[in-house]
Amino acid sequence: MSILIKKGKVIDPASGCEEVLDILIEGECIKKIDENIKSPNAKLIDAEGKVVIPGLVDMHTHLRQPGREDEETIRTGSLAAAKGGFTTICCMPNTNPPVDTPAVVNYIYREAKKWGVVEVLPVGAITVGRKGERLSEMGRLKKAGVVGFSDDGSWVVDSHLMRRAFEYTKMLNVPVISHCEDHSLSKGGVMNEGYYSTLLGLPGIPAEAEEIAVFRDLTLLKLTNCKLHIAHISTRGAVELVKKAKKDNLKVTSEVTPHHLTLSDEAVKSFDTNTKVNPPLRDKSDIQALKIGLKEGIIDVIATDHAPHAQQEKELGYPDAPCGIIGLETALSLVIKELVEPGVLTFKDAVAKLTINPSRILGIDRGEIKEGGMANLAIVDLSRVWEVKEEDFFSLSKNSPFIGWNLPAKVELTIFKGKLVYSEELERMRKL
């Protein structure tokens, strides 16, 4: 099947392209990018007045399958991804069972091939059972197809064990994605430690719980020279530590989530458990530091940390409710609202942090628009404003603090491997 996208403004950070061009897709690949392409037999898509960007790449997604299919499945998570403009998502290993054996990796690939509408790439567990006691069989997991290693949700406390993990991943040429949290400091906390935790009488999590862990991992990085990626960075001090490490030419990268750029700990005043995330929402000075970090290139990636939870669990009291929110369907719009519209980043630079940057960190050939490359694209109307409605989420869970918000920019169409996987017409058909 051939598809011809006409007159869209192609924004490709990898090549620097920002031009109104046509794109001809044949099969799974981009055949031609040029002006005034003619292909009489191709399905025509009019993108005039819209932008055409590479399919987004999320380094940090929780799909809950296997183990918690009541919260999310590979099917529903991939549908949510497509609606948000994502064509590649990396699923974290904190499932049940965890992604610590080739059998679980094979299961995820098999289910993704059968039910997924976008690319699903597993991240393997650093330690067996994510218990932090002994290393998983990293070589076998890499051979099975994991693109990185993480014990996300847990920090590997044992420095000797983490050093060995760094050494193995260096040989395997894949990143360690580290959830930096000293649990001895964060234990019992439910929000950021500061003015609002005192005001609300809720136990706090100090910024130092993250910063101590980041410092330890950067010290081990200096010792091993592997590829270290700091997940969901949230504090001013952590940004400064990464900045110094980059100046010292260490191989460190980092990510930030849209919700940590949008909401501060003041939002917890509502006691809405959809504001309970890990790491917690920080204060406004931290948000400012995160935005400066993105602008200066200290923070390389914007990742969703899409974390679905069952409604009955999020309806518990604030101290008992689980941490996490869904983010695949709102990420791009929040990035535009918080970074592009205020002038923190250009649209092209923001797209880079959602496409080519995560692709390069993971070592995958994704996140760009090029002739001969995979036809993974999203068409976005930057002029549209849309309301976030609970009933419109494709995700199986609805735990979002942004319900009722009006957000800029609407993904109108997503193409994965030359196939239309999301459009508003398909969404309407789904609701019938």
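Cβ coordinates are placed from backbone N, Cα and C, and glycine is handled just like the others.
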Check your understanding: Can you tell which of Asn94, Asn106, Asn225, Asn357 TrEMBL lists as binding substrate with His62, Leu63, Arg64, Asn278, His309?
Key -> Asn94
Review point. Which candidate from Asp152, Asp158, Asp265 does TrEMBL annotate alongside His179, His232 at the Zn(2+) 2 binding site?
Key: Asp152
Exercise for review: Determine which of Asp305, Asp320, Asp349 appears in TrEMBL for the same Zn(2+) 1 site as His60, His62, Asp152.
Suggested key: Asp305
Point to revise | His309 (substrate binding site) to Asp152 (Zn(2+) 1 binding site) - Cα separation in whole Å | key: 16
**Study point:** Those binding-site residues, out of Asn94, His232, Asn278, that come within 10 angstroms of His62 (Zn(2+) 1 binding site) at the Cα
**Key:** Asn94
Check your understanding: Cα within 10 Å of His179 (Zn(2+) 2 binding site): which of the binding-site residues His60, Leu63, Arg64, Asn94, Asp152, Asp305 qualify?
Key -> Asp152
Review point. Taking Cα-Cα distance, which of the binding-site residues His60, Asp152, His232, Asp305 are within 10 Å of Asn94 (substrate binding site)?
Key: Asp152
Check your understanding: Which has the fewest other Cβ atoms within 10 Å: Asp152, Asp305, the binding-site residues listed?
Key -> Asp152
Point to revise | Rounded to the nearest Å - Cα separation of Asp305 (Zn(2+) 1 binding site) and His232 (Zn(2+) 2 binding site) | key: 7
Exercise for review: For His232 (Zn(2+) 2 binding site), just give me the three-state DSSP call.
Suggested key: coil
